[in-house]
C-alpha cells in the first residue's frame, strides 16, 4: 500500500446503515478535538506511484488543453456538449470493474473522439465527434480525482489535487492563446486547421503517452468477488438514465434559451421543465427503498457537512464560470481587445488559480483544517463580484488585474479542498460514489454558471437597447449581445453609436456582477453549515496501488480465492 498501512476491507457502495458515517459519530472529531492538531506521519510513495501519477497528470493536461483550444473558437455548442458529461455512472462502474480498466477505457474514448474529429467532413460531424470526446473527458476528469483518493490518505489529498491542477491549468492557460489566434482569423479553413493541428500534434501524441503510462504503471487492487451478471445488476440503470436524460434536457434548454428561442418558447420551456423535474425524480429514486445500489447514496446528503460541501462545490463552479465567461466580454466589448489580447488579459487569474490550488491543498494537509480555508476563499468571492461591478472604460489595468488575482486566490483554494470536506464525514467505501456525485454537482455548476449570468446579461441589455436605433437594436436581440461582444463587431459602428453600445455593455455587465454578489454571499454563508471533521491520515481502501513483485503472483492468486481482491 502507498501509505504503508494494512489494507482493511470495507463494504460495497450501497446504502449505509444509520450508524455508519453519521454526524453523531463524526462529531467526536469536530473542530475542538485534539486529533486535528496532530502532525501526520511522513508517507512514502514509491516510483510506481509517481509514474502512475504522471500518467494521470498528462491525461488531465490533454483534456484541459483540448477543451480550452477549440472552445475558444467554437464556444457555444462545443462548451455545452462538454458541460454535462461528469456523470456519477463512472463512479459506479469504477467500483464494480475497478479504476484501471474504467480509466483506460475513458482515455481510449477520448482519443477515439479526437480521431473522429480529425476525420470530420462537416460541422455537424465535428460537433458529435466532440461529444464523444466529452464522454471520455468527463470520465478522465472524475477518475483522476477518484484514483488520487484511492492512493493518497485524506489529509494529503489536497497536495496532490493542487499539483494536478498545475498541469490542468497549464493546458487551460495555453489553449485560449492558440484558439484566440485562430479566432482572430475565424473561417472554416482556419478552424479546420486548428482541429487537425490539435489532434495530430497534441491529443494523439500526449494522449498516447498518457495512455501508455496508465497501462504500464496504474496497477491497483480491485475487489473482484462478483460475477459479470451480478456487477451488471448492481448498476443503477434507472437512476443513471434519469440523471443523464434530465441533464441533457437542461443543457439543451440553457444552450438555446434566449438565443435561438425565447425562454417562453415551448422548445425551451418543455425541456427545461422536464430536466428540472427529472433531477427531483432522480433524487427521490436514489432515496427510495427500491433503489438497492444507488449511484448517489442518500448518506451523502443526510450528513450535514457532506451536503454543505456538495452545495459549496456547486456554487464555486457556478461562480468560476460566471467570472471566466464575462471578464472576456468586458475585455473585448468595453476595452476593445482582440480575442488574443483578451486571452493575455486573463493571465492573472490563470496564473493565480493553480498556484493557490496548491497553496490551499498544502494548508489543509499541514493543518488538517478545511473550514478556515473555505471561509477565507468564499469570503473573497462576493468582494470580487462587488469590485468587478465598478469596472468601465476608464478603469485602470491595475484594477482588473488585482480583481482577477483575488478570484484566482479564491477559486484556487476552493478547487483543491472541497472534496476533503465531502469525504471527511463519509466512510472510505464511499470514495467512488462521493467523487462521482462531487463531479456531477460541479458539472451542474458549470452549466448554470454560464446560463444564469447570460440570462441576466441579455435581459439587462435588452432593456438598455431601447435607446438604440431600431436597425441597431435588431442586431442584439435573442441573446446576440453576448455573441456580438467582440472588438471587431463593436468597431464596425460609427463613433457615436459605438459609445452608446459600449455603455450598454458596461451597464449590463454591472448588473451581472451585482447579482453575483448575492450568489457569492450565499456561498460564504453555506460554509457555516460545515463542521471541522478530523481528516484521516491512514489509507484504508480496497483499491490501493499494488506494489507486489512478480514472484508474489501465486500468493496474490490465493488472495483472490480467499477474499476476492485482485490486481488490475
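Using the three backbone atoms N, Cα and C, a Cβ is placed for every residue, glycine included.
Taken from Swiss-Prot as is:
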- 1-39: region 'Disordered' (REGION)
- 1-11: compositional bias 'Polar residues' (COMPBIAS)
- 45-65: transmembrane segment (TRANSMEM)
- 101-121: transmembrane segment (TRANSMEM)
- 134-154: transmembrane segment (TRANSMEM)
- 161-181: transmembrane segment (TRANSMEM)
- 199-219: transmembrane segment (TRANSMEM)
- 237-257: transmembrane segment (TRANSMEM)
- 268-288: transmembrane segment (TRANSMEM)
- 303: N-linked glycosylation site (CARBOHYD)
- 344-364: transmembrane segment (TRANSMEM)
- 372-392: transmembrane segment (TRANSMEM)
- 399-419: transmembrane segment (TRANSMEM)
- 437-457: transmembrane segment (TRANSMEM)
- 515-535: transmembrane segment (TRANSMEM)
- 563: N-linked glycosylation site (CARBOHYD)
Residue 303 (N-linked glycosylation site) in three-state DSSP notation: coil
Segment-segment contact (the transmembrane segment (344-364); the transmembrane segment (399-419)) at 3 or more Cβ pairs under 8 Å: yes
Recorded stretch that, among 45-65, 237-257, 515-535, has the most CB pairs under 8 Å to the transmembrane segment (268-288): 237-257
Stretch contact, the transmembrane segment (515-535) with the transmembrane segment (372-392), Cβ-Cβ under 8 Å, 3+ pairs: yes
Criterion met for the transmembrane segment (45-65) and the transmembrane segment (134-154) (at least three Cβ pairs under 8 Å): yes
Contact call for the transmembrane segment (134-154) against the transmembrane segment (101-121), three or more Cβ pairs under 8 Å: yes
Other parts of the chain folded back onto the transmembrane segment (372-392), taken as Cβ under 8 Å at six or more residues beyond its ends: 312, 316, 319, 323, 327, 330, 334, 360, 363-364, 399-400, 403, 406-407, 409-411, 413-414, 417-418, 421, 506, 509-510, 513-514, 516-517, 519-521, 523-524, 526-527, 530
